[in-house]
Amino acid sequence: MLRLVSWNINGIRSPLQGVRCEEPSSCSAMAMGRILDKLDADIVCLQETKVTRDVLTEPLAIIEGYNSYFSFSRNRSGYSGVATFCKDSATPVAAEEGLSGLLSTQNGDVGCYGNMDDFTQEELRALDSEGRALLTQHKICTWEGKEKTLTLINVYCPHADPGKPERLTFKMRFYRLLQIRAEALLAAGSHVIILGDLNTAHRPIDHWDAVNMECFEEDPGRKWMDGLLSNLGCESGSHMGPFIDSYRCFQPKQKGAFTCWSTVSGARHLNYGSRLDYVLGDRTLVIDTFQSSFLLPEVMGSDHCPVGAVLSVSSVPAKQCPPLCTCFLPEFAGTQLKILRFLVHFKQDPVFKQSALQPSNQTQVHMRKNKARVRSTRSRPSKTGSSRGQKNLMSYFQPSSSGPQTSNLDLPSLGTLITPKTSEEDVMANVVEGQTKASEAKDEKEIRTSFWKSLLGGPSPMPLCGGHREPCVMRTVKKPGPNLGRHFYMCARPQGPPTDPSSRCNFFLWSRPS
């Protein structure tokens with residue numbers, strides 16, 4: 001069996017913060033290893049890693065028993081990015097970053113790019129510059145004993161921001177490039193699985209509020225998925241797309257099967273989300289080898305939950321990892337770089353040909369002068385005439401025998417030192433004086449505290465929502481417009497169906513300007 005899991009992790013370092021370990025240096029490796037063990041998959045595909053190569057650490061990338069592959073955003077730090085972790089028993093024969101082929105600079109690429117004539121070179125580079133696609137190619141053995149090729153496309157598709165129309169164009173062009181590459185691989189004889197965050201809820205059953213959304217099925221992303229996927233799951237339908245939504249193949253009518261929830265509104269508590277994460281397999285592969293397709297909503301740590309599938313095939317591991325594997329990166333390769341690689345050879349100027357070990361005549365003159373000064377300084381007697389040896393403890397209690405006297409006070413010898421006794425009256429006086437000072441300090445502190453309390457009254461209590469009569473929460477308008485930056489109050493409960501009394505009510509109140 002081959003088990004695949006895909007998860008939009010929303011920052012690969014975020015879920016690691018809750019894992020405790022005694023050795024900080026190995027904490028990341030232990031945490032990442034525990035996450036992979038918890039997912040219990042032969043191949044784990046992660047999206048939205050939010051790391052760039054300069055901040056990727058060895059404990060995070062090199063996990064015992066796995067070989068990993070990363071694609072980074074080249075334009076922004078802490079943005080996008082995908083990664084694939086393969087068990088050593090599922091080592092790929094090839095791996096490649098990006099969909100266009102422009103990022104392939106070494107052997108071991110997957111190949112099969114298809115016809116991309118309607119894309120410019122600049123557009124292809126832009127589509128691959130955000131670290132949104134990673135391909136690994138594997139050898140699998142079917143239950144019949146036949147060896148075949150399987151290509152996994154780990155994708156994090158763009159989100160179309162309503163306020164940025166150009167991002168919708170970018171998203172649709174990315175979809176187009178993804179489909180061209182996937183179909184080219186199919187035409188070359190490889191089985192193909194597209195898995196990851198597609199950032200589109202395909203059917204109304206895949207979105208909690210589809211009935212209230214205008215022109216839901218007219219969305220360009222949903223139309224693209226209509227053309228990519230076959231209708232009616234595994235059964236024959238009016239449209240026979242090259243791929244099948246594996247989850248809907250096994251659970252065609254399952255409601256509430258969501259994979260993404262809003263963290264701001266707390267919608268996950270009431271399962272008020274959408275299904276954006278998929279495992280799409282080519283039609284022949286799904287029908288012949290898929291045993292199950294599942295969601296893992298109980299796995300926390302991100303605003304998405306993992307999804308996956310189980311195939312009735314076995315993996316045939318490659319003898320060596322592809323060149324894209326992180327173990328071959330110079331910073332993780334385990335070989336020390338020579339310092340000569342960082343030095344630039346240049347022709348020496350004749351002025352500097354003199355050896356540094358042989359000083360010039362002028363330098364020798366200065367050195368002789370400095371030596372003479374040192375000798376004269378050392379031979380000069382001390383002003384005090386005292387020796388620099390270790391002093392006797394008694395010398396601190398006796399007057400100095402040489403040098404000017406700084407004081408006429410005769411210090412007693414060590415044996416005659418006597419500690420005076422403190423009378424009971426003095427002790428009581430000190431206690432009373434201390435209590436008086438403490439009382440005065442307390443009174444002064446109380447006066448100061450009351451003054452600041454009168455000056456700074458603190459925040460006023462939150463208003464109560466109309467539906468539950470519970471304290472509200474304050475939010476800030478972030479949408480561009482006349483109300484940008486204004487504060488308002490709303491119900492503090494999580495978002496949910498309007499018919500659910502435990503979900504958020506529609507209370508809204510503008511905050512008074514300060």
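Residue numbering: from 1, along the chain as shown.
Each Cβ is built from the backbone N, Cα and C atoms, and glycine gets one as well.
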Candidate from HIS304, HIS468, HIS487 that Swiss-Prot assigns to the same Mg(2+) 2 site as ASP197, ASN199: HIS304
Of ASP288, ASP303, ASP443, residue recorded by Swiss-Prot at the Mg(2+) 1 site of ASN8, GLU48: ASP303
Under 8 Å Cβ to Cβ from HIS304 (active site, proton acceptor), same chain, six or more residues apart: give me those in sequence order, or none if nothing qualifies. TRP7, ASN8, ILE9, ASN10, ASP197, THR259, CYS260, LEU276, ASP277
Long-range same-chain neighbours of TYR156 (active site), Cβ under 8 Å, sequence gap at least 6? ASN8, GLN47, GLU48, SER80, GLY81, VAL82, GLY131, ARG132, ALA133, GLY196, ASP197, ASN199
